[in-house]
Amino acid sequence: MSQEPELQDEMPLVSHLIELRTRIINILSALGILFFALVAFRNDLYSLLASPLRLLLPPGSSMIATDVTSSFMAPFKLTFYAAFFLGIPVVLHQIWAFIAPALYKHERKLAIPLLVSSVFLFYTGVAFAYFVTLGPVLKFFVSVAPEHVSFMTDINSYLDFCLKFFLVFGFTFEIPVVVLLMVMAGIISTASLIEKRRYIVVLCFAVAMFITPPDALSMAVLAMLMWMLFEVGVLFGRILESRREAAGN
C-alpha cells in the first residue's frame, strides 16, 4: 500500500498537465451547462431571492435599479452564482479525481466522507440562512427605517448582500469539519479546546460582529450558531480520540 502513490509520481509532468486540463475542461463544461440551463429562469431566480424582502416592503415601496444595466445584469449574475452553487459537487469530484491517485488508500477512505460532509454542511448553511435567518434580519432593517424615508433597495445591492450572507452561513457550517481535521492532524486536542472554550465563545461573537450586517439579531444568531457548531466538532473529535485510544490498547 505504501508504494501506491509512488506509481503516480512516475507519471511525466506533461501527463499531469494534460490530466489537469481535462479536469478543468470538465468543470467549465458542467458549469456552462448548468448556467445555460438556468439562464432562461434568471428572472424567476431573482424573484425567489427577492421574495423575503418584497413581503416586508411597506405599501408604495419597491426594489429599484439605480444603474442602466442593473435590471439586465443582476439576474445574470445571480444565475452564474446559482450554477456554481449547484455545480459544487461536480467541481469537488473533478478535484478529487485529479488528486486521489496520489493519496494512500487509507487517506482516500478518510477524505471521501469529509468531502461529502463538507458539501452537505455548506448547503445546509445556505438553506438555514435563506429559510430561517434572512427574513428576520430583513424585517429588522425595514422596521428601523426612519418614518419619512421610503425603503427602496437597489437590486444589485440586495444581491450582493444576500450572496455575502449566504457565504457567511455556508462557511460557518464548516466549523465541525475544521475542528475535526485539526484534531485528526494532531494540531490540537479536544481537551485543549474545552479548556479554551470561554475564549472561543468570545471569539465567535467578535467574528460575528465583523462579518454580519450591523444589527444585534444577525450577530447573535451567527455567534450562537458558530458556538453550537464548534461544540459539534468537539463532540466528534472526542469520539475520534476515544477510537484512537481503543485501537492503541
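Backbone N, Cα and C atoms are what each Cβ position is placed from, and that goes for glycine too.
As given in TrEMBL:
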TRANSMEM  20-41  transmembrane segment
TRANSMEM  80-103  transmembrane segment
TRANSMEM  110-132  transmembrane segment
TRANSMEM  165-187  transmembrane segment
TRANSMEM  199-214  transmembrane segment
TRANSMEM  220-240  transmembrane segment
*Are there residues at least 6 beyond the ends of the transmembrane segment (165-187) whose Cβ is under 8 Å from a Cβ of it, and what are they?*
110, 114, 117-118, 121-126, 128-130, 133-134, 137, 193, 211-213, 222, 225-226, 229-230, 232-234, 236-237, 240-241
*Is the count of Cβ pairs under 8 Å between the transmembrane segment (199-214) and the transmembrane segment (220-240), pairs 6 or more apart in sequence, 3 or more?*
yes
*In the same chain, which residue numbers or ranges, 6 or more beyond the ends of the transmembrane segment (220-240), come under 8 angstroms Cβ to Cβ?*
128, 133, 136, 168-169, 172-173, 175-180, 182-184, 190, 193-194, 200-201, 204-205, 207-209, 211-212
_Spatial neighbours of the transmembrane segment (80-103) far in sequence, C-beta under 8 Å, 6+ residues away_ = 5, 8-9, 19-20, 23-24, 26-27, 30-31, 34-35, 38, 45, 111-112, 115, 119, 122, 126, 163
